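For reference, the structure is listed below as structure tokens.
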Amino acid sequence: MTVNESGARILIVDDEPQIRKLLKVALQAHRYVVHEASTGEEGIRQASLVQPELIVLDLGLPDLSGMEVLSRIRSWSAAPIIVLTAKDREEDKIAALDGGADDYVTKPFGMGELVARIRVALRHAAKSTGEPVLRFGELSIDLAQRIVELNGERVKLTPTEYDLLKILASNAGKVVTQRQLLQQVWGEHHDESDSHYLRIYIGHLRKKLEEDSTDPKFIVTEPGIGYRFLSRDS
Amino acid sequence: MNMRKRFGLPGSSYVLITLLVVLMTLLLSWFGLAFDLVNIALIFLFPVLLSAVLWGLRPAFYAAVLGVLAFDFFFVPPTLSFSIADLRYVVSFCVYLSVAALTASLAARLKQQLLFSRQREARTAALYELSKQLSDIADLDSLLDGISRQVLRNVGTEIAIYLANDRRRLDLAYGSARSGGWGHGEAERTIAKWVFEHGEAAGSGTSTLRESPGYYVPLRTEDRVYGVMALLLNDGKNGVAPEDQRLLEAIAGLAASAITRIRLADEAKIAHLTAESERLRTAILDSVSHELRTPLAAIIGSATGLIEGDQLFTSEDRMELLLTIRDGALRMNRLVINLLSMAQLESGMLRLRKNWCDVEDLIGVALSQVRDFRQHRRLRVQLPEAVPMVSGDEVLLEQMLVNIVSNAIKYSPDYSEIVIGVQASDQELTLAVADQGTGLPEDEYARIFEKFYRSPAASRVTGTGLGLAICKGIAELHGGTISAKANVPRGTVVTVTLPLPRQSAPPILSHEGRIEEDDRE
């Protein structure tokens, strides 16, 4: 844990008192400063009042839709937002992620998972201009020279494969939706209907980077949502 | 009637008779000298007989009169005049005319009888065919369809069949006319309602509502009326011929008894289903209450233990209790997910979010889900060189795979091997999960996909009997199948087939808009 993560202000917007209590206890134990809001309106007000460094937002709020709260906060705040959703609401997750949320956690969640997501989001928010070389264990990606090395050996990637890897790796630990990947690699006019391109290139990348592509160490699939590049501590 | 058409229009018969008489007169006057006058008179009987057989009574009379006139004018002296020199010829004319009339009426009656017997034969054949058809039909729609086709072939232009619903109100069950056409209107319904209530025919050709262009006959058995069959007639003014009425009544009777049969079969099916759902409800309550209570008991027990006896436990004990709480909650979570999935599948609320899915990736994700509780079982994946993509809902297919593999893990011993194999043909992709567990008796393999079914052999392992039922639902939503059979030498193979789309995914474009060549060897 780096210094600037400790003591970060986190705003929890959730209508369930039990979940708020649980999050407060657990996050305070990890030395975060926790603020709470039980409705969407209150959440938006608190967000402008306490200027949190990160917001945990439940998508199922009684007064406003989670998407509404998300877009209103996003309209003036760049603080990372992690949304909490139910298991079978893939559409909501994708809409939230494409609408400006940084990550999602599915209820019921393990505390370790949530804290890991919070750390990744805070670290991404704090990071200034990118370092020239990204390192993940035996894998290194030299962004300046477009060179990828695995165990010290150079891996040959096609331009598309490299672009995909770059986007995933520079968002290490964070989920990236299929749409975000398609639009960033292939261009604005591509959407989910082109997702088979993505699957094929991810398949190629895994064959080049992973020892066992049915047990990936770097690029894991979030079914129905997108992909997540695993960093060592997430 | 159809018969009339075979002989052309009624007017044309008179023209033909006239032509024939003229022709005969010409021929006879040519050779006439060779014949006696009596013979000529007899020869003029020929067109009379011919027209009686071909066209009936009136044309025959016409031929007789025309024959007498031609005979008188051209052959009886003085020729080329209607006047008669010898008065005895008047007697000949009378004899000729009465012979003509008699033979004509006999011939015509014979013809009529032939016609009737043919019609009767056609009707009997129609009824026989219908009764044969109806005895094979098991659903109402094709029954009504069969009746309508048979009726329209014989009588009428449009047909509408009304059946009584549970509240004894008539609904239009079948209409040959387009919606809004005959049979859909209020007038037809009103008459049909009258017929239904009184149990007797009405409309054109009957004593009730004879002004109506339709004919309405009740579909009745001895003890009740099931509905009404209504016909729009070709020729509304003349009504329905008595023979057609009898035919229609016979068809209506056949239809009514067929409807009775189908209704009884339906009722028996519903009774069976009710009994089945009763059985299911008991099974659900038993299974769910057990599956909910067991983890709850563990959670509540451990939590209260921790709260009340905080000082009594060593840190290892405390960790043990906490793990019990976590595992119990996870187990309940699985149950809730399964129950919700089942409810969604059953209610038809589940919408497929279809997308191209990489099967290798699906297997990878599913395996990562079960890795934590496989203990020492070896999970081996056998993939062909190239696996085609399937079109489906990633999340559901993953859930299906997780359920199947979890099942394989649950029912096979530790340290055994579980093989996940993939095969692809042109039309379908086959996924097989083979374990080396205890297996099941042959007759149980079909039943394990039933909701809440649990094999007696599996009673020592906890479970709700929902997992494989959900898999079946998901496979079928994708147009695929799922089945299970014994593995050789031991264990079970669960096989899922998923249809492959006729055209495969479009070619891969790089962001420069062309197919990107990989420079791997």
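Keep in mind that glycine also has a Cβ here, set from the backbone N, Cα and C atoms.
Residues or ranges marked as domain 'Response regulatory' by TrEMBL: A:9-122.
Taken from TrEMBL, the feature 4-aspartylphosphate covers A:Asp58. According to DSSP, A:Asp58 (4-aspartylphosphate) sits within a strand segment. Long-range C-beta contacts of A:Asp58 (4-aspartylphosphate), restricted to its own chain and to partners at least six residues apart, with a cutoff below 8 Å, comprise A:Val13, A:Asp14, A:Asp15, A:Glu16, A:Ile19, A:Gly66, A:Val83, A:Leu84.
Taken from TrEMBL, the feature domain 'OmpR/PhoB-type' covers A:131-231.
Taken together, the residues in the DNA-binding region (A:131-231) have a mean pLDDT of 88 on the 0 to 100 scale. The DNA-binding region annotation in TrEMBL covers A:131-231.
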- prompt: Looking only at the DNA-binding region (A:131-231), what are its DSSP counts of helix, strand and coil residues?
  reply: 38 helix, 26 strand, 37 coil
